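Annotation comment: TrEMBL describes His86 as active site, tele-phosphohistidine intermediate. As annotated by TrEMBL, Mg(2+) binding site applies to Asp89. Taken from TrEMBL, the feature phosphohistidine covers His86.
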Amino acid sequence: MSKIDLNENSPLLSEEYLMGLLCSAGNARSATMEAMRHARTGDIEESLKLLDQADEMLNKVHKDQTYLIGLDEGEGKIKMTLILTHIQDHIMTGMLCRDIASEIIELHKINRSK
């Protein structure tokens, strides 16, 4: 495996790269919230499309985050910063929101079928 430079000038730790992760996590959460709003109005088809979009974004950002964790190898090679913590918060809340949204959309489907 090739050695990757993980200093603060590394492209993997650049502000641009990290802000991209943050935006992707935030966009996934926004799509999930929008999906729940569509379900509330009865537009289940659109809500499911939005959940699929959220899944794509969350899967990518989670994959990128997992890659960074793997590079660190539990040895503190990547300095923990406020932005990395903020990104982690967005990923976790986005994933939780996505899980809850599935249940809420199902409840809307059941409620409308009665």
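Placement of Cβ uses the backbone N, Cα and C atoms for every residue, glycine included.
Around the Cβ of the residue listed as 'Mg(2+) binding site', a 10 Å sphere holds 12 further Cβ atoms from the protein chains shown. Counting every protein chain shown, the Cβ of His86 (active site, tele-phosphohistidine intermediate) has 14 other Cβ atoms within 10 Å.
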